[in-house]
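Peer 1: Got a structure for you, written out below as structure tokens; questions coming shortly.
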Amino acid sequence: MEPYIKCAECGPPPFFLCLQCFTRGFEYKKHQSDHTYEIMTSDFPVLDPSWTAQEEMALLEAVMDCGFGNWQDVANQMCTKTKEECEKHYMKHFINNPLFASTLLNLKQAEEAKTADTAIPFHSADDPPRPTFDSLLSRDMAGYMPARADFIEEFDNYAEWDLRDIDFVEDDSDILHALKMAVVDIYHSRLKERQRRKKIIRDHGLINLRKFQLMERRYPKEVQDLYETMRRFARIVGPVEHDKFIESHALEFELRREIKRLQEYRTAGITNFCSARTYDHLKKTREEERLKRTMLSEVLQYIQDSSACQQWLRRQADIDSGLTPSIPMASNSGRRSAPPLNLTGLPGTEKLNEKEKELCQMVRLVPGAYLEYKSALLNECNKQGGLRLAQARALIKIDVNKTRKIYDFLIREGYITKA
């Protein structure tokens, strides 16, 4: 409680006394009542004559507790200032203060100057794999050469061409000399941009693309979509801040899913976790029964055609024995094609949107295989700048009609572009 007394002779650690103990001449261990002392208080202005140092600290603590912008809650926690006074003072002295802005700018410029002309090598612990030249992994790593910490083809790879014919001689005129120096300065700025991009690649661990993709797949599909959208902004913030942002959204997604589950319990009238476990067990049982009824309806569709029924039985026997089911041949009667694939319970279904689920049902393709084909086509399209149907068929070794449907779907939804 301020004000209080600090002994000027004891310490470290410092020895503090309240006013009541000081007036009684309290002594403890080495501290004596005749020691010199200091009166400690924060009842003085710092940035504004009407705001004491104690109120400044209380404002900062309230903003940290209540969040920036919640000025009514901040004022309620401070008790001594109104909502308008808190907002005006904080914006004036802590956000728009030119002294703070110039200090941050100087710190940023000093940091840039410190790392501007230094090399960007990989540390031994971050040493990426060393693939053979022109291998698939080498192409995934954009031709990176770990032994040289360099790329086969650099960003702005032909920047040096502008300097190859420049020669400084003594009889150059002032204008010609200035032009040559300007070209050298431009080349230097292009080198700095090349170095900046290397630093981003190193800091965010983008060299080993496969490892990066495996780390990305640990998130749910909704978070993966956010990761893909926010990737272009990763260069603005550091890798730690970017990962914290993604992790916070992943945590938010998990919390929302858990809240939705609890709301489902509340709607069903469940008030304790014992009843919730019983509810989940019964829900799982009902889902299995519904799946059996769906499979039964699929069987009934085939029974109307004896040849198709035999094919369906052979396919189920292959599935039960762990073999890849043979592709059913069209019946001679031509009455009915194969029904849509039931995706219930198949791995990867939760990563598909509604249109992708409809596509997998119509072409009878399991979600896991579709996601692998989609990833391969997207990677090839990004490398080539476009993709032709013939290239898609070369990448995906499945039925050409299914490949055509997948290719047309990805073109129509904007995932890839035609070459």
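Each Cβ is built from the backbone N, Cα and C atoms, and glycine gets one as well.
Fair warning: this is a prediction, and the values are worked out from it, not measured in the lab.
According to TrEMBL:
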DOMAIN    1-45  domain 'ZZ-type'
DOMAIN    46-98  domain 'SANT'
DOMAIN    50-98  domain 'HTH myb-type'
DOMAIN    50-94  domain 'Myb-like'
DOMAIN    332-419  domain 'SWIRM'
REGION    324-348  region 'Disordered'
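Give me the lay of the land around each of these features.
Peer 2: Across the domain 'ZZ-type' (1-45), mean pLDDT in this model comes to 78.
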Peer 1: Determine which residues of the chain contact the domain 'ZZ-type' (1-45) at the Cβ level, with the cut-off under 8 Å and only residues 6 or more beyond its ends counted.
Peer 2: 51-54, 57
Peer 1: Mind checking how the domain 'SANT' (46-98) divides into helix, strand and coil residues in DSSP?
Peer 2: 36 helix, 1 strand, 16 coil
